[in-house]
Amino acid sequence: MDVSIIDISRRLEQGTPTWPGDTPFSYSVSWSKEESGSVNVGKLEMSIHTGTHVDAPFHFMNNGERIYDLDLELYVGPALVVDVTNLSSIAAKDLEQIDLTNVSRILFKTNSWTDYTKFPEEVTYIEADVAPFLAKHNIKLIGVDVPSVDPLDSKELQAHHALHTHHIHILEGLDLQNVTPGWYELMAFPLPIVEGDGSPVRAVLRSHNK
Ligand SMILES: N[C@@H](CC(=O)c1ccccc1NC=O)C(=O)O
Ligand SMILES: [Zn+2]
Ligand SMILES: [Zn+2]
């Protein structure tokens, strides 16, 4: 059996932190084996922006694409995990030293969300100049280990919009705590929620030789 898979997804359970005021995560058995005479049938209620998830452009633009419209190729393939711990924000100048040749997916390990049992107050965010910088290197997907690529109190969502303008897709809420920076194969498929503004994903990494 292949044991090289690293799960980089947050657990979904009662009490999993959500954006303040957002729908709590809930799983329950709506029809038990005793009731049905044959099976337990589960029911799920959650915000799409809880835990590890991808954003669709419709999340921040009324005329944006829905999750079902996005190309699945984005969510599988080589990805570079980059160490950006100890930065309060990530700007293009912080990335200049990194060799981004052949990188189309980049995952930022900020380590700025330390207590996973609570929604964070402040985390490392992405500056608007990162989007054009990454686009120049043909990067198509950015992933972060925090709930948002923007500051948590942002209403303008500058980074979301700048990334979208540069055709870069967004994966949020990763758990990169136990991941050594470097090359991996990423797999993080969204569910086919036809009208979705995003989707929870099961994100994993597999060892990869560039
Ligand atoms: N844009 C955020 C999510 C977000 O902003 C949000 C999610 C759920 C409930 C409220 C939110 N923002 C409120 O201002 C994201 O990064 O996906
Ligand atoms: Zn989101
Ligand atoms: Zn987002």
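Cβ atoms here come from the backbone N, Cα and C positions, even for glycine.
Proximity of HIS59 (active site, proton donor/acceptor) to non-local residues of its own chain (separation of 6 or more, Cβ distance below 8 Å) is seen for ILE48, HIS49, HIS160, ASP197, GLY198, given in sequence order. Annotation source TrEMBL lists active site, proton donor/acceptor at HIS59.
Taken from TrEMBL, the feature substrate binding site applies to TRP19. Proximity of TRP19 (substrate binding site) to non-local residues of its own chain (separation of 6 or more, Cβ distance below 8 Å) is seen for SER47, HIS49, THR50, PHE119, PRO147, given in sequence order. Secondary structure at TRP19 (substrate binding site), as computed by DSSP, is coil.
Cβ-based neighbour count (10 Å, all protein chains) for ASP55 (Zn(2+) 1 binding site) stands at 27. For HIS49, HIS53, ASP55, GLU172, the entry in TrEMBL reads Zn(2+) 1 binding site.
DSSP assigns GLU172 (Zn(2+) 1 binding site) to a strand in the three-state reduction. Neighbours of GLU172 (Zn(2+) 1 binding site), defined as other CB atoms within 10 A of its CB across all chains, total 21. Sequence annotations record features per position, and here TrEMBL assigns Zn(2+) 2 binding site to ASP55, HIS160, GLU172.
Surrounding the centroid of the Cβ atoms of ASP55, HIS160, GLU172, where the record places Zn(2+) 2, the chain contributes additional residues within 8 Å, namely HIS49, VAL54, HIS59, PHE60, SER148, VAL149, ASP150, LEU163, ILE170, LEU171, GLY198. Fewest Cβ neighbours within 10 Å among the binding-site residues HIS49, HIS53, HIS160: that distinction goes to HIS49.
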